[in-house]
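Only one structure is covered here, and it is reproduced in the block below.
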Amino acid sequence: MQAIKCVVVGDGAVGKTCLLISYTTNAFPGEYIPTVFDNYSANVMVDGKPINLGLWDTAGQEDYDRLRPLSYPQTDVFLICFSIVSPASFENVNGKWHPEICHHAPNVPIILVGTKLDMREDRDTQDRLKEKKLYPVSYEQGLSKMKEINAVKYLECSALTQKGLKTVFDEAIRSVINPTLKKKPKSSKGCIIM
């Protein structure tokens, strides 16, 4: 059985842990407890191949900026997560997460994941954002960001409803077992750290 290491990164409270717990247990966790570091494992079949998927949850908070990269060696695929209803977490995709991954683990495939899909159409959430002159991140904005950071895919999901959830992990696995499907960089710019 092929083992694949998948590391999940993104701002605090974007739903990384909920994503992993919902996927591995089919249950949505009740309360928010910030993660320092956690590991999950799932045996799955993708395209007829048995895979042991090692899932590494990381802390998004700045306090752990020096600790988090210790989980990056030997990573096969990264999920960079942002919340669809948090424009700030979306900006941090290339403000923080993409540069950090490029620095510590260049040339590892990245899947860009928009979480909390169920909240995009939620009236209360929209009103709360409008008060700050903000709007939920659109699918088109996600696709544009995917191209900007040269990610393999952009996917959206909800850990609460599980919509799109299995697809996120199936595509993460496919980016490793079918590397020929990876997009070729448009140029040889590589990572730019500012």
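Every residue gets a Cβ built from N, Cα and C, even glycine.
According to Swiss-Prot, the protein carries these features:
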BINDING   10-17, 57-61, 115-118  GTP binding site
MOTIF     32-40  motif 'Effector region'
LIPID     CYS191  S-geranylgeranyl cysteine
MOD_RES   CYS191  cysteine methyl ester
Looking only at ALA13, LEU117, which of these binding-site residues has the biggest number of Cβ atoms within 10 Å around its Cβ?
LEU117
Assigned element (helix, strand, coil) containing THR58 (GTP binding site), judged by DSSP:
strand
Using DSSP and three states only, what is GLY10 (GTP binding site)?
strand
Determine the minimum-neighbour residue: among THR58, GLN61, listed as binding-site residues, which Cβ has the fewest other Cβ atoms within 10 angstroms?
GLN61
Tell me the Cβ neighbour count for LYS16 (GTP binding site), meaning other Cβ atoms within 10 Å of its Cβ, over all protein chains shown.
26
Just counting, how many other CB atoms are there within 10 A of the CB of GLY10 (GTP binding site)?
27
